[in-house]
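S.K.: Before I ask anything, let me first share the structure, which is written out below as structure tokens.
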Ligand SMILES: Nc1ncnc2c1ncn2[C@@H]1O[C@H](COP(=O)(O)OP(=O)(O)OP(=O)(O)O)[C@@H](O)[C@H]1O
Ligand SMILES: [Mg+2]
């Protein structure tokens, strides 16, 4: 049940509409990530002064930190049309050629999960990014010829939760890479204060503070928890105060530190089954019944950032802090390894 809150089905229409309604549409409204915001601002302003399309931009970071939102802002700030697609939708070079050849001048092309694009398409993209040109192969075997096709100048905005999987030639062709960081509780407080106002939801200051401290440093989760607290207050008829937040989050298995069921399952597995680690990623994934990719891209970044897990060359290790958080005493051997 908790996974539906913290990792809801991205295709769920209600959740998408809800996210859309709360998405900031300008850099000004975008909370936090100050460095990235200033870097983007400069890049966009310079392009507009020179009357050209902004450089290609790569947005990297864990889910829910604002990559899609920033891509939309890049288009919106420059009053440019936006085309959205994703890596998994581009399974052949032809899929990409179709998109690229239909772009209008100055358009922003957003490719979500760009690390999952087909290899043949990646190679086509290199040339397109550099020279605004693609070579279309016509025919097969000895009679095959390639026909060059000029493209309208465009700005590629790529998003990835796994920048390490991008081949270097692709990574190098982005003029700017933004690494999004987890948000501080004060920043999340600003995100949900704004969201509560947009939703016309009356909620106490200390309730908002409590939510922002338990949202895994992630605006998407903060907004979703806000919504669950609103449900809770509505159904139970009480005020949306700190007690309501605590009761709602307990119901959805979000603990004091904002860890959800899967976060705790990972830590518990390392501690209980592997004596604190080190344990390899794939073994760990199997033992909690999840994809290794989910563990690596979704679960681990936050656990590492909170100092509960460390990645060592020999595998994942639960830190003494993790043992403490789970209410266990570290075994001496586990400590020796750190
Ligand atoms: N800096 C921010 N300020 C205010 N709201 C934000 C910010 N970043 C994200 N949000 C909110 O969080 C939600 C999720 O953000 P977004 O969809 O951009 O994340 P994402 O990085 O694209 O995630 P994914 O990797 O899952 O695609 C948005 O709907 C938006 O309301
Ligand atoms: Mg996104």
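Including glycine, each Cβ sits where the backbone N, Cα and C put it.
TrEMBL lists 22, 23, 64, 67, 68, 69, 130, 131, 132, 173, 183, 220 with the feature ATP binding site. The feature Mg(2+) binding site is assigned by TrEMBL to 68. Residues or ranges marked as DNA binding site by TrEMBL: 311, 316. Annotation source TrEMBL lists domain 'AAA+ ATPase' at 53-184. Feature annotation from TrEMBL assigns region 'Head domain (RuvB-H)' to 256-338.
Explain the structural surroundings of these features, please.
M.R.: Shown in sequence order, 218, 219, 220, 221 are the residues of the chain, 6+ apart in sequence, with a C-beta less than 8 angstroms from the C-beta of residue 64 (ATP binding site).
Around residue 68 (ATP binding site), the same-chain residues six or more apart in sequence whose CB sits under 8 Å from its CB are 23, 110, 112, 159, listed in sequence order.
Residues within less than 8 Å, Cβ to Cβ, of residue 311 (DNA binding site) and separated from it by at least 6 positions along the same chain comprise 300, 304, 317.
In the predicted model, the region 'Head domain (RuvB-H)' (256-338) shows an average pLDDT of 91.
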S.K.: Could you check which of the binding-site residues 22, 68, 130, 183, 311 have their CB within less than 6 A of ligand 1?
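M.R.: Only 22, 68 meet the Cβ criterion.
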S.K.: So which of 64, 183, 316, listed as binding-site residues, have a Cβ under 6 Å from an atom of ligand 2?
M.R.: none
S.K.: Taking every protein chain shown into account, which of the binding-site residues 132, 183 has the largest tally of Cβ atoms within 10 Å of its Cβ?
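M.R.: Output for this query is 183.
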S.K.: Could you list the residues of the same chain, at least six apart in sequence, whose Cβ is under 8 A from the Cβ of residue 316 (DNA binding site)?
M.R.: 270, 277, 278, 279, 280, 281, 284, 300, 309, 310
S.K.: Return the count of C-beta atoms lying within 10 angstroms of the C-beta of residue 130 (ATP binding site), excluding that atom itself.
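M.R.: Excluding its own Cβ, residue 130 (ATP binding site) sees 11 Cβ atoms within 10 Å.
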